Each structure stands twice: as structure tokens, then as C-alpha cells.
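J.: Provided herewith is a single structure, encoded as C-alpha cells, for subsequent inquiry.
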């Protein structure tokens, strides 16, 4: 009796590496990973996990660095509207503050360490997700405009979570991670920088509102000009098959004939590619400008101010809405001050200016 023993295949690291690379970059996977995904997936998971834990159970944080901790978690008595991950303490400033830099876990939590962990992992994750969009588009032979459009919210998040704290000198000035915290950040930003009077913010508003208008216009016109392949007793959606190559609506009927007669011929559109490009470009460019505005105001290049009232030839104040706006900004600024129980000097000095 003889026994035949086959020789085992030797371990080859390079063959294993080639298989791993093919799996990472394969477009046949249910979820595309890609090389950017190797970094974006774990960082976003880490940020999400830490955010959920901090949102539910993080202890109070000394955000202003004056030993007056702020309670932001659900277990401290907040609800879903008021709860937030409180930014890192002003005592830490812009220092990198990982867990191993603190003397204890309690100290790390008290100084708001989770905020830095969440923000930095989140920013790495969303920038790599942008790269992942480009990578998948490249491998499928598509053009890169999906990644370009996604760059707008990524830049906006980076401006309020990283650039603004850098410009102001502390992560404590960053956006709190919560609903009420977001509105607190907006009001404080208006009081300190008068963002509503910044031209870049105005362009951002025009872009977002214009994009919303075009989206509703396009959607309603498409839904109104669907091609019917069924009789009147069946739903018009019954004649549609997923992935069909035939057109499903009449672009010229809605965007050219209808708009051209409803408004003026100049507003009519005959080129659906140009219209779809405008639909994507308008909000994207608008958010780019808004993010650039936040980045400029991070270094105190603020919006247009009206610190000096309009005077007549005799030196008397001419009442205007600018005075009301200026006083409102001053009120927001002093209410944002950490020691608000002390009467602010900015309101106790100078001549009173009646606004009504």
C-alpha cells in the first residue's frame, strides 16, 4: 500500500497581496471599498461610535476653561434638541489632545477630549469619502463631477469644525455637535463676525435657495411631462421599467414650451445637459463661497459693519436699520461671553442710541 502526499503550496505574500488589492479595488463588490475606503470606513466608524457614546453619556465639559462645566449629554438631563457633544476646553486651545495626553480618563472627558476625537476622525473620513467617490467614478469610466459636488459640504464642515477653531485659537470655538449647539454657534458667529452682511454668505444663500428653486422646478416639470405607456385606467408609473433606455419624460415640452409660454422665452431651456449642470453647479458654488466666507471670518475678516451711525450736517444720528442690526450684534456678543453675569462693559460705556 502506498500513500501519496501532495506538496503543500508555499505561502507567497505577493500573491496574497495581489488578491487583497484586487478585492479592495473590485467594482463587483456589493459595497465598493477602494483605497480611500480603507481609511474612510474605520475613521467614520470611530467618529460615529464616539459621537453616540458622548451624546448619550459624556460628563460635563469645561468648555470656556473657567471651571464652569457645561452638561451636554442625554444622561445629564438634556433631550434630543438640547443635547450636544461639547467642544474641547479653551484650556486645551489648539493642542492635540488624545487620550494618552491626559492624566486620567476623567480629566480627558472633563476637558472635552471626545470632541477632538470625533471631529478629527470625521474630517479624515469625509475627505477620504470624497476620494472614494472619485475613485469609483474613475474605475467605472465616469467623469468626476460627483466628487466635485460632494466637495461643497465637505469644505463647509471643514470650515466650521477645523478652520474656524484654528483662526480663533481654540477648539472651544468650534461647532458644538448638536441641534441647539448649532444654533448657539450660528448666533455667536453672527454677533462676533456679522456673517449675514458678508458677501460670500449672501452668495451662499443665493446658491442654496436658487438650487432649491431649480430642483423643485425640474422635479415638477418632469413629473408633469411623463410619457404614458398605459391606458387611463392604470397608473402612469406602470409603463416604466427600471433601467430602460427609452426616455421617460418630454424635456422640451416642460422646460421649453411650458416655461417659454409661462414666463419669457429667455427662461426656456432646450439643452437638458446645460440645465442639469446648472442644477448641480449653483448650490455647489454657493456653498463653496459660504465656506470661504467662514474661513475668512475665522481670521476676523468680518462682514460689512455699521459701527458708525449715519449723521446729518448737525451731527445728529439718523435712525436706520443699521443701528438696530449693530445693537443686535452687540447683544449677541455679550450674551455669548462666558462671564455673562457680569454687566458687559461694551453696553455700559458710550452714549445710548435709541433704536425705536
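Cβ atoms here come from the backbone N, Cα and C positions, even for glycine.
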J.: Among 121-136, 169-184, 233-248, find the range that Swiss-Prot records as transmembrane segment.
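T.: Per Swiss-Prot, the stretch marked transmembrane segment is 121-136.
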J.: Please identify the range among 263-277, 278-292, 293-307, 308-322 that Swiss-Prot labels transmembrane segment.
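T.: Residues 278-292 are the ones Swiss-Prot records as transmembrane segment.
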J.: In Swiss-Prot, one of 32-49, 50-67 is tagged transmembrane segment. Which stretch would that be?
T.: 32-49
J.: For the transmembrane segment (200-221) against the transmembrane segment (145-159), do we get 3 or more Cβ-Cβ pairs below 8 Å once near-sequence pairs (under 6 apart) are dropped?
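T.: No, the stretches stay apart by this measure.
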J.: In sequence order, what residues of the same chain, 6+ apart, have a Cβ less than 8 Å from the Cβ of residue 201 (chlorophyll a PD1 binding site)?
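T.: The answer is 195, 289, 290, 293, 303.
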J.: So, three-state DSSP: helix, strand or coil for residue 201 (chlorophyll a PD1 binding site)?
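T.: Going by the DSSP assignment, residue 201 (chlorophyll a PD1 binding site) falls within a helical segment, counted as helix.
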J.: For residue 218 (Fe cation binding site), which residues of its chain lie six or more apart in sequence with Cβ-Cβ distance below 8 Å?
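T.: Set apart from residue 218 (Fe cation binding site) by at least 6 residues yet with Cβ under 8 Å, we have 255, 275, 279.
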J.: Below 8 angstroms Cβ to Cβ, which residues of this chain, lying six or more residues outside the transmembrane segment (32-49), approach it?
T.: 23-26, 117-119, 121-122, 124-132, 134-136, 139
